[in-house]
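A.B. asks: Below you'll find the structure I mean.
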């Protein structure tokens, strides 16, 4: 079947203003094709590097159904297709085309596609890209025609007028010749129309496809941002047709796939170059939602609470009362004469539509200030009533018409309340209002808000003064009209609303709603509540709005959240499997589809709302895990006695079953009888295991420069901060207390490591110093100075046998041969002989030789000891030399190997540190700039302090700065609270570490799995940064055997219990054995005791589970209603933040190399055979002792003789008398006369 193209007019066709007609055009097949993971694009202009970014925008959801359209000459049904229908644009479009002959030429965007509205044309005419926005007379079948491989006609539109955008892009030559074979080109586009701009994103991929759209991941980059400014609701594709003549054009093979964008959340992964390398559609399935919740592509095994990325609003519901009358603002503002200010007048406005845009867009008003509400929000709000107060004052007095102001006007004429909600509008009327007007200049008391005093005097004294308004007076004294609009918030049905059009009421779907100005997001459902006649909203116990009255139908509607938040995802870990199970907390399985709005979920999510693997638990509904009655190791505790495990099909079940299984944990049958026989497993064999346990006992100490953090360099802020008293001091005091506690934790933990008990050194006793006589108890193997003096000491290298020899020998030399030791199969003796040993062995040798003749050789047996001890000593010398040689050889080889490994490790470490240094240096300046900027951008307003002070007066500026200070103080308080919580956790960990130091290191714990995994043998502590590392040596069961056991045995009416261990039966007899090792013993009175009788007492334990308390949440509505002020916040310049090098330093290769080097270094540890040091003390012979004693006696005698031969009268200060031998003849002495001094000449 041919497609005939006929020109309307030949001249128009030549001018490219004609159109073509297609005869007998079949309807598109509209097959559905999965988008897989295509269509991701850069949705903003911000550069990001090495970061995961969560963004909400309009994206093509992964695995969306794309509709397929063709340009096809002849298909299997003998039809030709030229599919170019008008398609819905929606919130954006994803467009992908597979072709080989450049069939797809462009698009037309618009609304009505006629000349009454503007449309946008973006087409490729084979030489240029044409972009136009005009009122077009579009062709019914817009197309290009190609004749004999060359462009012939452009039948897109007939004419165009009222063009507002005209642009020609690029000059090129498009290959228009038709091609055969597979599709070679895949072009993808995304179109978004936002704020008057049509943004176009594109990517190209070379393919070789016979049909279909390839599965994969694609990222589109921005190419155009066109300021069209038109309404786009639909679009249409422009394609080309081909012919070898100038008529009878036929289509060539091409296909395009379209899908609409949806507002959803994506997580984008950017590499160091700012390129998107991976993406996740957070609403695609439970695992994708979990990855977005924890913001990580890799998820470890466990159960995780998720955030809601599943349901987003689909429509907008706006409901205002059916009011058509316009509010009479013109009568208020255009009154002929305004009253005096003291006699101000009020007008009530109700039952009308208020178009406030006319007011705040007017350029005639000199003042338009709103309090408690933003002018731009008025169009969306409804009020019970609006009051308009009017009066006339001077231009300079307008400032007093505001909440909290003082002055003549505010005190004595017109006063606004501090919580005023409304707008003040003023404009100069110097030419209109002239003459005398009155105001009250004084009054005994000030007026209350909205109080009016019409009197002209007070106690006979006139209180009114006059304004003299003339155009010639200064501006400050000229007449100014003032209108104060007071808004009465909804406490009754709304009568004044903005001019916003209402929409249809949509129920049972997630929508954005606006009821009389109450905005929100939720699901609207029919309610059974009853309202009072004046009631518009309903509130729950937490004072949150949970129901509303529709202002048009007066129907009461419940408002529920769009999503059910109590959803947890169970995963075995993404490294093991992508399979998950979902737990809906506190929900019956029958209610799950309604609770999560399953009809709005993706198909991948919807399978987790119903299905065959549905398991109702006390914790909620578990879907996606197979419930089994068996029990396995609890990998993932879910709660409420439920556990999940992950197994492969080969180790658990037959092929085809789920990999995640869930089961109820049980300690036995609920109705089991006490003392009934039960089976237990008792270890019969063990293996040694070493477990490493790291326990934190301290954390990094921190302090905060409070003033700098809150105020930066702002003097005004610092002065205001002083009013907060000692907050900063208390804050740092708390941080200091945390630091002190960390030191205390460390001290207490490591104080548990006590040294071995040592005997105190007794150096002084009763005034006598024994340090040179008694041995030093701190060195128990050393002898004292006197002992070293009285004995000769010989030190030898010990290959491993000399110490045992010395202990055996003692002081008896005759035991020398008996104390010979075994070493590596040889009998050895130390190569050392004392004089006693030499004398003994010599005597035996001589005696043996002398008696050999007359004892017929039997006496030669006395030579054997001498020969044996010589052989043994030669063996001792030999093995010692061999050990020394082998050790030297190992030292040389391993030292050389260690040196090379150390050199390599230093090189690798240097490379890694170089990388770290580069990143640290690059980030330092950028981080400093960022901190400085952030220090002025925090809290209630997004503005720097200087800007606050410059645009607000002092009082309001201090209020705003006070909010900023309060926000930052709250942040600091939260930080300190987190530190205190962390310190409490550290404290608990330190206490446990101290307990393990006492029980595991200094003792042997009997608690199973407390000191390591298994039964404890010994533990070794090692200090670690901010903690301690325990190396627990344990023995764990390698083999177990099941035995029937009983807690007690009844015999003759008495119950016998084991003193230690358990009773077990081997099938025929009962024994008692240890619980941790099977060592059966006969039951006797020694290992049992008798207690009580055989009666069984069963106790019932209360199993009540209490629900957690729900704290009552205070309502912020009243507070927030006061602060919807008209304050514009300037953008804060954080441009320097892009200077941060947020790249992740990849030093994994260096770390792996270091690990390898460390392994090699460990292998190079020298396992030397230990050479001990053996010291032997040799006693002197008897004659030496005899000479030593005789020498001491001679020394004493000589000392006494010398004393007696001198002229001393005594020796040793009178301790011994020498009077008989020390007295001289008195006659030879000179006379001594008392009191006479003799002089010698």
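Every residue gets a Cβ built from N, Cα and C, even glycine.
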A.B. asks: Among 1085-1113, 1114-1142, 1143-1171, find the range that Swiss-Prot records as coiled coil.
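C.D. replies: From Swiss-Prot, the annotated coiled coil range turns out to be 1143-1171.
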A.B. asks: For the record in Swiss-Prot, which of the ranges 837-887, 888-938, 939-989 is the region 'Heptad repeat 1' one?
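C.D. replies: So the range that Swiss-Prot calls region 'Heptad repeat 1' is 888-938.
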A.B. asks: Whole-number answer please: how many Å between the C-alpha atoms of residue 1066 (N-linked glycosylation site) and residue 629 (N-linked glycosylation site)?
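C.D. replies: Just about 29 Å between their Cα atoms.
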A.B. asks: How big is the Cα-to-Cα gap, in Å, between residue 298 (N-linked glycosylation site) and residue 575 (N-linked glycosylation site)?
C.D. replies: 7
A.B. asks: Does DSSP give residue 808 (disulfide bond) helix, strand or coil?
C.D. replies: helix
A.B. asks: For residue 423 (disulfide bond), write down the residues of its own chain that are at least 6 apart in sequence and whose Cβ falls under 8 Å from its Cβ; none is a fine answer.
C.D. replies: 359, 368, 369, 370, 371, 373, 375, 484, 485
A.B. asks: Do you know offhand how many angstrom separate residue 124 (N-linked glycosylation site) and residue 139 (disulfide bond) by C-alpha?
C.D. replies: 17
A.B. asks: Mean pLDDT for the region 'Heptad repeat 2' (1131-1170), as a whole number?
C.D. replies: 53
A.B. asks: If I restrict to non-local contacts, at least six residues apart, and a C-beta distance under 8 angstroms, what lies near residue 327 (disulfide bond) in its own chain?
C.D. replies: 349, 352, 353, 354, 355, 386, 496
A.B. asks: Based on Cα distances to residue 575 (N-linked glycosylation site), point out the closest of the disulfide-bonded residues 139, 292, 382, 497, 819.
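C.D. replies: That would be 292, nearest by Cα distance.
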A.B. asks: Reported as an integer number of Å, what is the Cα distance between residue 19 (disulfide bond) and residue 134 (disulfide bond)?
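C.D. replies: One finds 18 Å between the Cα atoms of these residues.
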A.B. asks: In Å, rounded, how far does the Cα of residue 292 (disulfide bond) sit from the Cα of residue 808 (disulfide bond)?
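C.D. replies: The separation of the Cα atoms works out to 75 Å.
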A.B. asks: Please report the Cα separation of residue 65 (N-linked glycosylation site) and residue 273 (N-linked glycosylation site) in Å, rounded to an integer.
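C.D. replies: Spelling it out, the Cα of residue 65 (N-linked glycosylation site) and the Cα of residue 273 (N-linked glycosylation site) are 32 Å apart.
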